[in-house]
Amino acid sequence: MSSHSSDTVIADQEKHQAQGGVNTWEKDPERQLSRPPEPDRDANTDGMSTPASITNQYEVTLGPEDDPKRIGTGRKWVITLVICNAALCATFASSIASFTETGLQRDLHTVREVTILSISLYVQGLALGPLLFAPLSEVYGRNNVYRVSYFLFWVFTWPIAFPPDIETFLVFRFLTGFSSSAFLSVAGGSVSDLFDNKQVATPMGVYTLSPFFGPVLGPLISGIICQNTDWHWAYRVCLIYEFVTLVSLLVFVPETYVPVLLKRKAARLRKKTGNEKYWAPLDRREGSLTHAIMASIYTPFKLLLFDKMALSLNTWNALTLGILYLTFEAFPVIFGDVHGFTFQETGLAFLGMGVGMIAALSTQGLWNRYHDTVAARHGGKLPPETRLVMGMVGAVLAPRRALLDGVHDVPRGAVDPADHRILALRRGDHLHLHVDVHLPRHRVPPDRRERDGEQHRAPLLVRRRVPAVRRADV
């Protein structure tokens with residue numbers, strides 16, 4: 001390389017920087033943490049050492065037109081609501097089996113203890129799926145994971161809606177839970193990709209609410225269907241819902257993961273210019289996909305063993321989510337067998353949970369102001385422990401709900417039926433706990449989010465789902 005050509009390259013680079021072409025990856029502290037090691041400064045071309053400035057000039061940067069945070073506010077909320085709907089659909093499918101057990105026993109010639117597995121195996125799939133989908137999303141992007149996983153979710157529901165035998169039904173219940181779990185481990189990252197740290201609290205609160213509202217709607221719809229028509233239609237409704245959701249994902253949700261956007265931009269530039277020197281940080285990522293998957297499986301258990309706070313929060317979440325899924329078996333017994341409710345009326349009893357969640361979400365503005373006040377007292381940085389205050393409020397409501405269950409679950413005739421309907425709504429109070437305690441767990445600080453990728457979510461998802469599979473003992 002001649003001295004003239006080197007001077008020309010450096011001059012072009014300086015001109016590019018003067019025009020505002022400074023690497024936006026380096027300017028953004030949230031993205032800088034996920035940057036791979038710098039290229040080898042001692043690499044040479046034509047026997048001459050190449051300065052780092054010449055090598056780095058081919059690193060692709062994120063322009064304003066590529067940055068997901070610069071998308072219009074209206075479109076951001078459309079994307080967020082579509083993702084929230086997909087998360088709701090995933091958990092809706094888990095609880096819709098609540099009132100299909102009688103039909104399963106009759107038509108597939110099995111016993112009640114086996115039909116209970118229709119919920120348990122689905123929830124087990126929800127627990128294990130994030131261990132695979134989290135690392136895949138960091139290599140192939142969030143959108144590809146969404147589309148493939150949701151397509152499989154829809155396909156695997158067909159054998160459930162038209163089951164030849166109980167074995168096929170149960171196997172595909174596990175597979176549908178596994179496939180749908182991407183929206184419980186990856187979707188939160190999409191929301192944080194779209195909004196700045198100061199704006200992300202409210203949309204993240206809406207997203208957090210969605211997977212908890214699904215289990216409320218599932219029994220409600222299932223009770224109406226199973227009382228008025230064949231139980232197969234509960235899962236056929238799932239098929240329709242999943243297909244509509246899949247189409248909305250394909251139409252409205254773009255890729256938002258910055259490293260993947262940079263990789264795609266580098267590929268376009270290489271193809272357009274014929275210059276193979278263009279590169280993105282993800283192109284030089286060290287380690288294989290297999291290593292990333294193994295790290296995703298290993299990291300959650302490492303956090304549980306060595307991080308006492310993670311262990312405490314995840315144990316608490318495991319207990320509360322286990323109780324939530326136990327209600328799918330307990331409510332039909334309490335309200336149907338003890339109090340004489342029909343399927344439809346028992347399904348309406350789950351609305352109390354929805355009331356509790358909406359009430360909890362309505363307090364989000366107060367918590368935002370509280371966090372702003374605390375952050376102002378600490379130089380603009382919010383202490384992480386501050387977010388636990390929301391969980392403290394929920395911790396008071398949870399035992400109160402359990403106490404009400406024990407006091408009021410008396411045989412039919414001992415209490416007026418109208419009182420039972422009021423109590424069913426009051427049971428929703430404990431969902432304040434679920435929203436309040438999960439909001440701080442989903443809002444991972446930006447530096448932690450970029451350093452650990454999606455792996456910070458896996459311990460929570462595994463621990464909080466696994467206890468629900470033990471409901472067969474009830």
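Including glycine, each Cβ sits where the backbone N, Cα and C put it.
Marked as compositional bias 'Basic and acidic residues' by TrEMBL: 25-44. TrEMBL lists 46-59 with the feature compositional bias 'Polar residues'. TrEMBL lists 79-474 with the feature domain 'Major facilitator superfamily (MFS) profile'. Positions annotated as region 'Disordered' by TrEMBL: 1-67. Annotation comment: TrEMBL describes 77-99, 114-133, 145-162, 168-188, 200-221, 233-262, 316-335, 347-367 as transmembrane segment.
Residues 71, 118-119, 122-123, 126, 146, 150, 153, 157, 173, 176-177, 180-181, 183-184, 187, 190-191, 194, 203, 206-207, 209-219, 221-223, 225-227, 231, 234-235, 237-238, 241-242, 245, 248-249, 252-254, 256, 325, 328-329, 331-332, 343, 346-347 of the same chain, all 6+ positions outside the transmembrane segment (77-99), place their C-beta atoms under 8 angstroms from a C-beta of that stretch.
Sequence-distant contacts of the transmembrane segment (145-162) (same chain, six or more residues past either end, CB-CB distance under 8 Å): 83, 86, 90, 93, 129, 133, 136-137, 168-169, 172-173, 175-176, 179-183, 186-187, 232, 235-236, 238-239, 242-243, 245-246, 249-250, 253. Per-residue confidence over the domain 'Major facilitator superfamily (MFS) profile' (79-474) averages out at a pLDDT of 79.
A Cβ distance under 8 Å defines the sequence-distant neighbours of the transmembrane segment (233-262), meaning residues of its chain 6+ beyond its ends; these are 25, 31, 34, 60-62, 66-68, 78-79, 82-83, 85-86, 89, 92-93, 96-97, 99-100, 137-138, 140-144, 146-147, 150-151, 153-154, 157-158, 160-161, 189-190, 193-194, 221-222, 225-226, 280-282.
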